[in-house]
C-alpha cells in the first residue's frame, strides 16, 4: 500500500474517531470490519489507523501481537452468522456498502447493527464469542507470552477413577477477559436514555456470547497403559467447535427476551406479567421488534427476499412458502457441466468425461 493511500486511510480513521465521541454505541461494531479485511492489511496499517474506538486503539497498541487474533475472531463471527442464517429471511449478509466503501466507512451489517432487534442481539453475541474463541486458541497455540494453557488445571484429578489433568487446557478465562476489555464500552460514557438502553443491551449480549463459549467447554482425555488398557488417562479442557457455539447462540436467538426501553437500575422484561422471571446472563435480549424482512426497504438497507433461492419441498425456513413470504416462486432450469469418470492413464495424465446434468432452481418472486 503506497504512502498516499495510507494517508487517506489515516484521515478517514480520524473522522471515525470524531464519530465515536458523538455516537459511541452505534460505532461499537467498527472493529468487525477487520473480519473482511485482506490478510495482513490491519497489521500493515497499525493500530492507530484502524476503525477502532480510543480504548480499543490503546489496547491494540499495548498488545499489537493480538491483532491477528482480533481479525480472526471477527472473521469467525461473520462467517458463523452467515452460516446460521443462510436460509432465513434475514440472512446476516454483509451490506454492499461495507464491502465497497473505504475501511470501516460503512457499518458491516448496516441497519441491524444499531436497531436493537433480535438480529442485533445475535450479531453482538456471535462476534464477542468469536473474539473469545480466537484469542483463546492463540494462547493454547503458544502465540503469546502473557497467556498459554490454563495453569489452574495442571494438578489434580481423580486417582480412584484413574485420570489426572494434563496436556494443554484452553485458557478460556483469558479469552473472556480480553473480549470484555476490548468490546465493552462503559455505560456511564453515553448520553440519552435510548443510547443507554441499547448499550446495556449490547453489553449483555456480548457477555451472553462469551458465556456460550464457556458453557460448551468439554473434557478430552488420552489413554495410557500397556496395550491400550487405559489404566491412566490424561485429561484437558478444550473449547467446542465454533459451529457448535453458533448453534447454541441461534437457539438463544429463537428464545430471546424483549426488554423494556425505559432506563432503570437493571434491565426488565417488557411484559409486566413476566417481570418476576429472572433474566440470565446467557440470555439474548432485544428492545425493538424486527422489521419485515420480506420486502425491500431501501431506507433501512433491507434487501427483501425477492430473487433468493428456495427449497420447493422444504417445510422449514428455507422452503419457498416461508422464504418467499407467500408471494410464490419462479422455476428455471440450470445446466451443470462437470468432469466425471476420471481415469489415470499411464503415463502420466488423467482422462475424464464431460458430464451434463439439469437442475431445477426455484427463486422467490
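Note: Cβ is positioned from N, Cα and C throughout, glycine not excepted.
Annotated features, as they stand in Swiss-Prot:
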- 1-29: signal peptide (SIGNAL)
- 81-92: disulfide bond (DISULFID)
- 139-147: disulfide bond (DISULFID)
- 143: N-linked glycosylation site (CARBOHYD)
- 149-168: disulfide bond (DISULFID)
- 189: N-linked glycosylation site (CARBOHYD)
- 221-235: disulfide bond (DISULFID)
- 223-230: disulfide bond (DISULFID)
- 227: O-palmitoleoyl serine (LIPID)
- 294-325: disulfide bond (DISULFID)
- 310-320: disulfide bond (DISULFID)
- 311: N-linked glycosylation site (CARBOHYD)
- 324-364: disulfide bond (DISULFID)
- 340-355: disulfide bond (DISULFID)
- 342-352: disulfide bond (DISULFID)
- 347-348: disulfide bond (DISULFID)
For this session: Quick one: among the disulfide-bonded residues 230, 325, 342, 348, 355, which has the most Cβ atoms sitting within 10 Å of its own Cβ?
Result: 325
Problem set entry | Pairwise CA distance, residue 348 (disulfide bond) versus residue 342 (disulfide bond), rounded so that it is a whole Å | 13
Problem set entry | Pairwise CA distance, residue 342 (disulfide bond) versus residue 324 (disulfide bond), rounded so that it is a whole Å | 40
Exercise. Near residue 168 (disulfide bond), meaning Cα within 10 Å, which of 143, 147, 235, 340 (recorded positions)?
Worked result: 235
For this session: Count, for each of the disulfide-bonded residues 139, 320, 324, 352, the other C-beta atoms lying within 10 angstroms of its own C-beta, and report the residue with the smallest count.
Result: 352
Exercise. Given the disulfide-bonded residues 92, 147, 221, 310, 355, 364, which lie close to residue 325 (disulfide bond), meaning Cα to Cα within 10 A?
Worked result: 364
Seminar exercise, completed: Per the 10 Å Cα distance test against residue 324 (disulfide bond), the disulfide-bonded residues 139, 221, 294, 310, 352 reduce to 294, 310
Exercise. In the structure shown, which of the disulfide-bonded residues 147, 149, 235, 310, 347 has the fewest other Cβ atoms within 10 Å?
Worked result: 347
Exercise. Which of the recorded positions 81, 143, 352 has its Cα nearest to the Cα of residue 310 (disulfide bond)?
Worked result: 81
Exercise. Could you tell me the C-alpha distance between residue 364 (disulfide bond) and residue 147 (disulfide bond) in angstrom, no decimals?
Worked result: 50
Exercise. Can you tell which of the recorded positions 92, 143, 149, 340 lies nearest to residue 230 (disulfide bond) in space, using Cα positions?
Worked result: 149
For this session: Anything within 10 Å of residue 235 (disulfide bond)? Look among the recorded positions 92, 139, 143, 149, 294, 340, comparing CA atoms, and list what you find.
Result: none
Exercise. Given the disulfide-bonded residues 147, 221, 294, 320, 355, which one's Cα is the least distant from that of residue 347 (disulfide bond)?
Worked result: 355
For this session: Filter the disulfide-bonded residues 221, 223, 294, 340 down to the ones within 10 angstroms of residue 352 (disulfide bond), Cα to Cα, kept in sequence order.
Result: 340
Seminar exercise, completed: Rounded to a whole number of Å, the separation of the Cα atoms of residue 147 (disulfide bond) and residue 311 (N-linked glycosylation site) comes to 47
